[in-house]
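> Below: one structure in structure tokens.
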Amino acid sequence: DLICVLMIFLALCLFTLVENILVVVAILKNHNLHSPMYYFLCCLAVSDMLVSISHLMESMYMFLRNYGVIVVDGKTEIQVDNIFDMMICCSVVSSLSFLAAIAVDRYITIFYALRYHNIMTHRRVLIVISGIWLFSTVCSVLFIIYSEKKEVILCLIVFFVLMMVLMVALYIHMFALARRHARSITTLQMGTMRRVMVPHSRVNMKGAVTLSILLGIFFVCWGPFFLHLTLILSCPKHILCINYFKFFNFYIILIICNSVIDPIIYAFRSRELRKTLRDILLCS
């Protein structure tokens, strides 16, 4: 059973690693994709790669250790586990942060369209990206150092809930106001305004829909893992909680599946990215 689980992890991790590398290469290669939203998507792909790399390295490490290829003492094994856990923790914090950054970017695009390029300058985007990676790295290190304290798990759960509430609130506001805006446009009799504003609004809303799908899939794939953490704090010895803990490997597979699905959504929802990926694959 352990070998079967390890092989599943290896296959999924390799597949998602290749997928996300292709997404990063495509965004860097195509100058038409050099915009704040795609920069954030590129960083989100890197976050997914962290999950893939950590589980890939951990699966290979367990495989080699179980077959006696490598022999480590208890202290070294704890240090290795801490490195893998730190990468996963950095991935979840950065993924949530970049999803929130994309939500804010879409919000500004829709409701502050005329000022968008003045607000979302390249300098500010780079500052946001650097800040998110620094914040994620510091959080992951602190979480591992104080991993035995329940407050650390609680902080991670609270961060997850706050980010989800923030993004859901932004999207609800976006879709509500955008729908009202679309209705007002259809009542206008000026053909010029109709030709200019409607396509622009549709493009921006398409980006918001794409990110809503990403958010929904993130919640479905990461939700069971955070429920696992919540039960560890609330009822670690209850029979129902103990039975839920038995499916931990399945929750990890769901997390890896999130990294597999994200690039498919990027390509499916973006014609430009899909074309670039096709060109890369044909060239290779």
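Cβ from N, Cα, C; glycine included.
For reference, TrEMBL lists these features for the protein:
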DOMAIN    19-266  domain 'G-protein coupled receptors family 1 profile'
TRANSMEM  6-28  transmembrane segment
TRANSMEM  37-57  transmembrane segment
TRANSMEM  83-104  transmembrane segment
TRANSMEM  125-146  transmembrane segment
TRANSMEM  152-178  transmembrane segment
TRANSMEM  203-227  transmembrane segment
TRANSMEM  247-268  transmembrane segment
> Check the transmembrane segment (83-104) against the transmembrane segment (152-178) for contact, please; criterion is three or more CB pairs under 8 Å, pairs 6 or more apart in sequence.
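Yes, the stretches contact each other.
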> Same chain only, please: residues at least 6 beyond the ends of the transmembrane segment (247-268) with a C-beta under 8 Å from a C-beta of the stretch. Say none if there are none.
5, 8-9, 12-13, 15-16, 19-20, 22-23, 41, 44-45, 48-49, 51-52, 55, 88, 210, 213-214, 217-218, 220-222, 224-225, 228, 274, 277
> Going through 6-28, 37-57, 125-146 one by one, which has the most CB pairs that fall under 8 Å from the transmembrane segment (152-178)?
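The stretch with the most close Cβ contacts to the transmembrane segment (152-178) is 125-146.
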> Using Cβ atoms and a strict cutoff of less than 8 Å, what residues sit near the transmembrane segment (6-28) while being 6 or more residues removed from its termini?
34, 38-39, 41-42, 45-46, 48-49, 51-53, 55-56, 58-60, 62-63, 252-253, 256-257, 259-260, 262-264, 266-267, 273, 276-277, 280-281
> Which whole-number mean pLDDT does the model give the domain 'G-protein coupled receptors family 1 profile' (19-266)?
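Summarising the domain 'G-protein coupled receptors family 1 profile' (19-266) by its mean pLDDT gives 82.
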